[in-house]
């Protein structure tokens with residue numbers, strides 16, 4: 001897998017070197033920090049699109065929630081929009097001011113009307129979101145220690161898993177022409193054993209090509225994680241996890257995938273570039289002194305922020321970024337309509353993650369989808385980020401802690417995928 005990627009001026013070899021020597025070691029360390037290892041998620045939300053077909057009963061599908069006593073006090077005490085010590089300390093004052101304002105303005109309003117105002121505010125806040133966010137106040141939302149629940153092959157497969165990916169590709173993806181149906185890259189083709197899968201982007205604009213590549217790249221990344229962390233054997237209750245070359249070949253070899261495997265992997269690199277670009281763009285948000293990545297442990301918080309800013313410096317130093325300015329650059333009305341279509345398609349895909357029957361797969365699917373959605377939100381908020389006030393929270397652009405954790409961990413997963421791909425190249429050479 002070599003050469004320049006489509007729709008951007010970047011070659012695969014440069015990404016490999018940059019990821020291996022600069023990004024991968026640092027992002028691994030950052031993911032181990034308390035602020036980024038605890039993710040609050042609701043794994044009990046019902047599937048909104050079809051009747052639930054049951055949860056996976058395989059033991060490796062299980063997710064172990066984190067006891068409240070293990071959660072750092074700063075994370076546990078904070079609400080979704082609070083990430084600094086200052087905002088935590090000023091919470092009571094804000095609550096009082098808010099109560100006074102509501103009392104002064106809405107004293108004649110019914111409780112029902114007040115609820116309507118709150119709903120409108122939530123609706124306004126959601127307009128820049130590309131994902132359906134879990135309500136962190138729900139009793140079903142629980143903290144999960146990501147380090148104790150790693151993403152790996154669980155044995156979850158079959159009709160339930162196919163249904164999720166088919167719904168994503170067939171109903172929620174802008175599709176290139178002349179592609180097999182169902183579009184799911186792993187689904188058996190209907191074209192017969194001797195046919196060739198032709199791929200034509202004719203009539204598909206840049207934005208829709210990008211959307212398809214992002215979803216395909218995410219799918220490829222998840223499949224790489226499963227191949228790299230596969231249950232190889234289990235003797236006397238001691239499982240051995242590791243890379244499965246046969247499974248990797250089945251999912252990505254050109255012969256076994258009718259030439260599609262390398263394209264899927266190229267889409268992984270494209271997705272990496274998109275999220276890398278988002279990290280470089282959001283740096284000013286975190287460079288402000290008001291952002292502390294607050295957990296309650298001052299020393300660790302300072303180290304976490306220093307490491308995050310170091311990663312941002314690396315992302316800025318990369319000299320072959322994807323140029324998102326080429327997207328949605330047509331006439332204003334058409335561009336706005338297309339952007340909204342783009343956002344709603346992706347939001348729907350984030351909702352489909354609640355249909356995944358395996359809890360561990362659902363956890364990592366939701367996190368990586370939300371991470372990508374946060375990256376898209378950043379790329380489409382450049383003006384708001386550039387005009388952020390230095391010493392106070394922004395009204396125009398805001399990231400919840402949930403989004404920050406998802407953004408970093410999702411990019412960490414992509415970085416790991418590209419690193420694992422290098423390992424598989426070596427293993428394949430050894431088997432020849």
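From the backbone N, Cα and C atoms, a Cβ is placed for every residue, glycine too.
What TrEMBL says about this protein:
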- 56-61: disulfide bond (DISULFID)
- 152, 154, 165, 216, 219, 251: FAD binding site (BINDING)
- 358-361: disulfide bond (DISULFID)
- 358: active site, nucleophile (ACT_SITE)
- 361: active site (ACT_SITE)
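Comment: FAD site residues 152, 154, 165, 216, 219, 251; largest CA to CA distance 21 Å, whole number. Cβ neighbour count within 10 Å across all protein chains ranks 361 highest among the disulfide-bonded residues 358, 361. Neighbours of residue 216 (FAD binding site), defined as other CB atoms within 10 A of its CB across all chains, total 23. For the pair residue 216 (FAD binding site) and residue 361 (disulfide bond), the Cα-Cα distance reads 17 Å. Taking the C-alpha positions, the distance from residue 358 (disulfide bond) to residue 219 (FAD binding site) comes to 16 Å. Counting only the Cα atoms, the space from residue 251 (FAD binding site) to residue 361 (disulfide bond) is about 18 angstrom.
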